[in-house]
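Participant: Please find one structure pasted underneath; my questions will follow.
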Amino acid sequence: MELLVASGIGFLTATGIYLMMRRRTLPIVVGLTFLSYGVNLFLFTMGRLTIGAPPIYEGSNILYADPLPQALVLTAIVISFGMTALIVVLALRSFLDTGSDAAAIGPEDMVRDFGPEPRGNEW
Amino acid sequence: MIAALVALIPTLGAFVPVLSDRAGRNICSISTGLISLTAFVLLMTLAPGVISGEEVGFRAAWIPELGLNFSFFVDGLGLFFASLILLMGLLVILYARFYLASADPMGRFYAFLLLFQGAMLGIVLSDNIILMLVFWELTSLSSFLLIGYWNHLPESRQGARMSLIVTGGGGLALIGGMLMLGSVAGTYELSEIIQRRDVVVSSPLFVPMLGLILIGAFTKSAQFPFHFWLPHAMAAPTPVSAYLHSATMVKAGIFLLARLWPVFAGTEMWFLVVSLAGLTTMVVGAWIAIFRDDLKALLAYSTVSHLGLITMLLGLGTRMAAVTAVLHILNHATFKAALFMSAGIVDHETHTRSIAKLGGLRKLMPITATLAIIASLAMAGIPLFNGFVSKEMMLEEASHTVYGGMPWLFPLLATLGALFSVAYSARLLHATFFGETRFPDAKHPPHDPPLGMWLPVAILVVPVIVFGLVPGLAEPIVRLTAAAVINGELPNFYLSLWHGVTPALVMSIIAVAGGLLLLAAYGPIEQMRQAAPRPEAKPAFERTVRAGAAGASGLTTFLHNNDLSRYMFVIVLAVAGLGAAAFFNTTHGGGTADMLGMSLPAMVGWLALLTACGVAVVRHHDRLLMLIVTAIAGLVVSLVFLQFSAPDLALTQISVEVVATILMLLALNLLPKSTPHETSAGLRAGHGVTALFSGVAVGALALSVLTRGYQTISDYHIAQAKPGGGGTNVVNVILVDFRGYDTYGEIIVLGIAALVIFALLDLGPKARQAAGAMARPLSSRSGEPHPIMLVVVTRVLLPLALTVGIFIFLRGHNMPGGGFISGIVVAIAFIMQYVASGYAWAHDRRRLDGQLMISAGILIAGATGVASWLFGSPFLTSTYDYFHIPLIGEVELASALAFDLGVFLVVVGTVLLSLSTISRAEAIGDEMEQAGTLPKPALGPEPAASQPAAPAPFARERQKEPV
């Protein structure tokens with residue numbers, strides 16, 4: 001079981017990283033989602049795998065799954081959603097404004113050009 | 001306290017001239033002068049104590065952990081320099097009142113000047129070396145501001161920048177060196193460091209420490225090879241040149257050498273480096289000065305040369321040389337400042353500083369000429385003026401210095417330096433004040449300036465003559481100061497004009513005769529010099545700065561090419577590289593704990609995940625497919641949570657998955673439906689290998705953790721959930737109670753994200769047009785956009801869904817559920833209405849808007865926290881009790897429930913606000929079509945899945961991208 005979960009985390013991470021290196025916004029957002037899955041699972045597994053022992057208190061001296069990683073991951077899932085929603089809207093807005101969903105800026109689109117040559121003959 | 005005030009009064013008083021500027025130029029200069037005068041009077045009250053050998057100082061702890069104290073001390077050296085700074089400052093303030101033109105902003109000038117004065121006083125009076133470094137940097141900055149005072153002139157700006165780079169760079173080196181010194185000596189107080197020579201000298205850090213300190217001192221005091229900035233600093237107004245760049249700031253480096261003399265003098269490195277650098281500077285500076293045409297440039301190189309002389313004396317390391325250095329600091333400050341001010345007067349009256357255009361001014365401006373002649377003779381080292389006495393003593397010291405087994409080197413070069421200085425002094429005098437009368441503006445013959453302008457010069461010339469005729473009068477000052485420099489017994493000496501026929505006298509005579517001969521042969525020598533190649537520091541400096549800027553820019557453009565794909569690749573490679581380095585440099589292996597047995601459903605889920613990931617990678621160009629497999633992966637993840645005893649996580653994941661998928665689909669509707677193939681096969685392979693490597697690494701890491709035992713830190717949470725938090729769902733209790741503060745922060749983040757989304761989709765006209773074109777118009781959709789079955793079912797389901805949501809919320813404290821999950825469930829119930837009945841219908845009927853719910857949620861959660869203050873408990877302390885409600889029975893109400901209500905409201909608000917905002921953007925197309933304003937652009941109404949959407953802009957984009 002551990003092997004399946006660990007390899008699953010590996011699949012999710014690799015997929016996420018590959019998609020995040022694409023050149024268009026939507027695949028990058030999806031890549032981030034995959035990476036979030038992987039990271040959340042990874043954090044969750046830090047509490048090790050336990051079957052049939054949810055952390056609902058029924059008395060002492062009973063084995064429970066570790067609740068702390070679960071609490072961390074629960075908020076992480078919700079925050080991941082907020083983040084995904086934000087960047088997907090950011091991507092949408094930039095596409096509507098520029099007509100392109102490329103995650104790269106051409107030099108002529110830069111507001112300021114930090115070129116090597118100084119302006120004027122000051123130096 | 002007074003010691004600290006002396007430094008702080010001018011620094012803090014810098015705003016006075018800015019305010020008094022409006023009251024007129026006289027008031028402005030008088031108020032500035034009064035500030036300096038106050039500081040001087042305070043300093044003089046300390047003088048008796050210093051003379052009688054008491055410890056005079058002030059100390060307050062500032063950041064003692066860093067060794068930083070607000071501590072000052074005054075000894076002979078500090079008193080000498082501080083008096084010099086304040087007296088020269090007063091004269092310069094007077095002079096500047098008449099020098100500055102009416103168009104020059106006087107308040108600003110005096111403010112910078114006072115700032116500088118305070119900083120300089122801080123350097124010479126600080127006891128703590130870190131405090132001194134702060135003042136040291138402040139002098140560099142105020143010098144920058146003063147050199148660039150006429151900021152409309154390019155040479156002012158260039159000179160200011162160059163001096164800032166050189167002295168600021170040296171300041172960085174100095175910080176390093178001084179921190180090493182402090183840590184080696186075990187104290188950061190100068191007065192203690194100078195007692196610990198043995199510890200410092202025997203330190204293994206001695207060479208880098210001294211090297212860095214010397215770089216700091218040499219850059220500040222314009223020692224070869226850092227001398228080039230000083231002549232360019234002459235673009236400053238002349239009062240600044242007289243004050244900063246001859247009398248005070250450039251002596252900061254020398255002050256530092258003198259201050260640290262007891263620690264370093266006499267070591268081999270000190271002698272070899274400092275004396276040679278000083279000697280070289282003296283000779284090179286004097287040689288260049290001979291050929292300068294600009295009066296101020298000539299004086300600047302002369303200053304470089306004299307600073308070299310003092311540095312050399314300090315470098316020799318003998319006590320008598322230190323005494324001589326002190327005397328020359330005093331003498332140089334007087335005659336050189338007088339000369340700079342005279343040059344300023346000439347410039348002021350004739351509007352030129354070029355020697356070639358001047359001559360015979362002695363007849364037109366007799367007072368100025370007399371004063372300048374006296375000061376020049378002192379500079380040349382002619383008897384009866386103060387420069388002679390210290391020069392003789394310098395030559396005496398040089399005459400018995402053996403450097404690297406060469407007894408002739410120092411006497412010869414010192415004589416040469418003196419010879420050159422006779423030559424440039426004579427040239428300056430001859431060309432400006434003697435010979436044929438010449439001045440550029442024939443209509444306005446120059447004349448002596450007002451009293452206020454020549455009086456400071458006259459005051460400075462008094463000691464030039466007095467100490468020249470009766471050197472013994474300077475002896476008390478020199479003894480007091482030199483005793484502080486040496487920090488021990490003074491050598492047996494007396495200052496006098498006549499010491500008999502000594503080697504120094506012979507060298508002096510040679511220098512005067514040789515200097516005059518050199519001037520006689522000036523023409524041919526100048527021609528030879530012009531023909532010979534000579535290194536120019538300024539272009540070389542500029543080339544260096546440019547090369548540095550180009551290198552930095554090149555590196556930046558390589559790493560930072562505005563392509564996110566490249567950044568990601570670089571970042572992932574860097575992280576993977578770090579991980580690999582750590583991995584291969586330690587021992588490692590799998591764990592030994594028992595693993596759980598595999599089950600068939602788990603295998604199926606694993607296969608589904610593998611397939612989803614594979615499809616996402618291979619077929620990501622088809623964006624709809626990509627989103628579908630993303631949702632599949634999310635489902636498998638929630639099943640994993642369910643399998644491994646995390647029902648709360650499973651519930652959260654699956655409900656978030658629903659919302660996220662709807663959101664992504666909505667966004668996709670306005671975005672291109674496919675991704676073009678635009679990455680080369682090689683790069684794709686590189687990305688693939690990197691991603692695969694990262695995945696294997698993370699998977700292996702997870703496996704090695706999973707197969708090891710561990711000690712949980714959650715026992716406390718499990719044990720205290722019920723008695724402390726009043727709930728049995730430990731995860732929920734952690735969220736709303738144990739870690740409530742974290743949760744509070746997170747819901748605020750969520751709310752902010754939703755508000756940003758709302759603001760981002762407040763589209764401008766152009767973006768509205770684009771959105772209208774991308775959204776598929778009504779006419780292209782199926783005949784029934786809102787199927788009646790779906791509408792009816794969702795409307796009937798709404799109360800049921802809300803009930804489920806409330807149920808999940810209420811039981812959350814004891815059973816899986818809670819604010820986060822129920823918030824999403826309730827939001828989904830509302831979103832179903834949007835999906836089924838359309839944006840317009842749902843929007844019209846909504847009662848609560850997202851912003852209101854988010855604010856209310858954060859306020860409720862916050863108020864729950866604040867409420868615990870009323871009971872004298874810390875923020876967010878929870879409490880609970882049992883209530884008996886008729887019919888329902890015993891009910892437990894925890895204050896955490898109110899907090900969870902806040903969480904719930906924020907989550908509902910966030911989800912609703914985000915999704916409804918996007919839906920509104922989708923509806924733009926419908927509105928436009930109904931209004932008949934829908935554009936028919938190149939994007940086309942159907943940016944079909946088969947083609948990359950909007951090919952035209954992309955084609956243009958590709959051409960634009962850098963190679």
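Counting starts with 1 at the first residue shown.
Each Cβ is built from the backbone N, Cα and C atoms, and glycine gets one as well.
TrEMBL feature annotations, pasted as is:
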- B:30-51: transmembrane segment (TRANSMEM)
- B:72-96: transmembrane segment (TRANSMEM)
- B:108-125: transmembrane segment (TRANSMEM)
- B:126-399: domain 'NADH:quinone oxidoreductase/Mrp antiporter transmembrane' (DOMAIN)
- B:162-187: transmembrane segment (TRANSMEM)
- B:269-291: transmembrane segment (TRANSMEM)
- B:298-316: transmembrane segment (TRANSMEM)
- B:322-346: transmembrane segment (TRANSMEM)
- B:367-388: transmembrane segment (TRANSMEM)
- B:609-673: domain 'MrpA C-terminal/MbhD' (DOMAIN)
- B:650-671: transmembrane segment (TRANSMEM)
- B:689-762: domain 'MrpA C-terminal/MbhE' (DOMAIN)
- B:786-808: transmembrane segment (TRANSMEM)
- B:790-912: domain 'Na+/H+ antiporter MnhB subunit-related protein' (DOMAIN)
- B:820-842: transmembrane segment (TRANSMEM)
- B:854-876: transmembrane segment (TRANSMEM)
- B:941-954: compositional bias 'Low complexity' (COMPBIAS)
Participant: Check for me, if you would, whether the transmembrane segment (B:650-671) reaches the transmembrane segment (B:820-842) - at least 3 Cβ pairs under 8 Å, residues 6 or more apart in sequence.
Facilitator: yes
Participant: What same-chain residues lie close to the transmembrane segment (B:298-316): Cβ under 8 Å, and 6 or more beyond its ends?
Facilitator: 218, 221-224, 227, 230-231, 233-234, 241, 245-246, 250-251, 253-254, 257-258, 261, 265, 270-271, 273-286, 288-289, 292, 322, 324-325, 328-329, 332, 336, 339-340, 343, 355, 379, 394, 397-398, 401, 414, 417, 420-421, 424-425, 427-428
Participant: How do the residues of the domain 'MrpA C-terminal/MbhD' (B:609-673) split into helix, strand and coil according to DSSP?
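Facilitator: So the domain 'MrpA C-terminal/MbhD' (B:609-673) is made up of 55 helix, 1 strand, 9 coil.
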Participant: Which range wins on Cβ pairs under 8 Å with the domain 'MrpA C-terminal/MbhE' (B:689-762): B:126-399, B:609-673, B:790-912?
Facilitator: B:790-912
Participant: May I ask for the residues of the chain that lie six or more residues beyond the transmembrane segment (B:786-808) and have a Cβ under 8 Å from a Cβ within it?
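Facilitator: Non-local partners: 651, 817-818, 821-823, 825-826, 828-830, 832-833, 835-838, 841.
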Participant: Kindly say whether the transmembrane segment (B:30-51) and the transmembrane segment (B:322-346) touch, using the definition of 3 or more Cβ pairs under 8 Å where each pair is 6 or more positions apart.
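Facilitator: As far as Cβ distances go (cut-off 8 Å, pairs 6 or more apart), the transmembrane segment (B:30-51) and the transmembrane segment (B:322-346) do not touch.
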Participant: Taking B:269-291, B:322-346, B:854-876 as candidates, which has the most Cβ pairs under 8 Å with the transmembrane segment (B:72-96)?
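Facilitator: That would be B:322-346.
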Participant: Tell me, what is the mean pLDDT of the domain 'Na+/H+ antiporter MnhB subunit-related protein' (B:790-912)?
Facilitator: 84
Participant: Near the transmembrane segment (B:854-876), which residues from the same chain, at least 6 beyond its ends, have a CB less than 8 A from one of its CBs?
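Facilitator: Long-range Cβ neighbours of the transmembrane segment (B:854-876): 737, 740-741, 743-744, 747-748, 750-751, 754-755, 895-896, 898-899, 901-910, 913.
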